[in-house]
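Below: the structure, in structure tokens.
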Amino acid sequence: MGLFNVTHPAFFLLTGIPGLESAQFWLAGPLCVMYAVALGGNTVVLQAVRAEPRLHQPMCYFLSMLSFTDMAMSVATLPTVLRTFCLSARTIDFHACLIQMFLIHSFSMMESGILLAMSFDRYVAICDPLRYATVLTNEVIAGMGLAVTSRSFITLLPLPFLIQRLPICRSNVLSHSYCLHPDMMKLACADITINIVYGLVVLISTIGMDLLFIFLSYVLILRSVMAIASQEERLKALNTCVSHILAVLAFYVPMIGVSMVHRFGKNMPGFIHVLLSNIYLFVPPVLNPLIYSAKTKEIRRAIVHMLHRIKM
């Protein structure tokens with residue numbers, strides 16, 4: 001019996017890729033490589049920012065927050081995904097599933113908030129460069145990080161309780177190799193209207209608004225850049241935004257793709273849904289450190305310098 005005196009299964013059964021069960025073991029290798037790149041790449045970025053005084057600036061502090069969030073997302077999904085694909089161990093305890101669900105959604109919302117904070121950093125740097133150091137002080141950056149974290153955990157705290165109040169009796173088989181709120185609530189044999197409405201309101205009021213403000217910040221950035229007389233200076237200003245734009249695309253495009261497929265692609269094969277969901281969770285943590293290492297000269301130099309010191 002659960003917290004709200006309703007029936008819950010003792011465990012859920014996770015699913016790999018429907019229709020590709022025979023190939024799942026071979027997919028474990030690429031998944032392990034992706035996890036290694038995500039954890040290793042983001043660790044290197046964090047260490048480079050910590051060790052290099054020249055990187056103690058707002059943009060790099062936000063990048064550190066992004067790297068930490070990507071690492072946390074990878075760690076939250078790592079145990080169940082690798083157990084499912086490598087060991088065919090599909091069971092997960094009910095309460096462990098609730099915790100994983102909460103962490104995945106929380107870290108996803110945190111990443112969205114950090115990308116919004118980074119867009120504000122780019123806006124101030126380009127549109128009001130003379131006030132950059134006075135606007136984005138260490139106290140302001142710490143406050144923004146705390147606000148992003150608090151928003152994620154406080155907003156999503158009701159999710160586990162909204163699931164616990166539901167009797168889960170249709171099935172205990174989830175359609176992914178990790179736990180998500182939409183996936184779990186569909187197994188309930190009761191009215192899930194509250195779950196649907198709350199999830200939609202949270203999605204629109206947080207991640208939806210983040211994306212809107214990111215878009216508006218770049219409208220203002222482009223307007224400011226177009227006012228610069230020199231084409232060389234315009235390109236130089238825009239080049240400082242390339243890494244952030246790529247990170248935004250890596251995060252939001254798979255998310256929108258998953259939402260569109262779930263809404264309009266009900267007749268698509270099940271493995272398409274699962275593959276897109278895995279891309280949404282695993283690709284940003286892999287790409288972000290590569291994007292910023294390749295496109296940001298200061299970070300690339302710091303990483304090379306750090307690796308050189310290790311070899312010494």
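Placement of Cβ uses the backbone N, Cα and C atoms for every residue, glycine included.
TrEMBL: automatically predicted annotations, no manual curation.
Here's what TrEMBL has on this protein:
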TRANSMEM  25-49  transmembrane segment
DOMAIN    41-292  domain 'G-protein coupled receptors family 1 profile'
TRANSMEM  61-82  transmembrane segment
TRANSMEM  94-120  transmembrane segment
TRANSMEM  140-163  transmembrane segment
TRANSMEM  211-229  transmembrane segment
TRANSMEM  241-264  transmembrane segment
TRANSMEM  270-291  transmembrane segment
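When Cβ-Cβ distances under 8 Å to the transmembrane segment (94-120) are tallied for each of 61-82, 241-264, 270-291, the top count falls to 61-82. On the 0 to 100 pLDDT scale, the domain 'G-protein coupled receptors family 1 profile' (41-292) averages 89 in this prediction.
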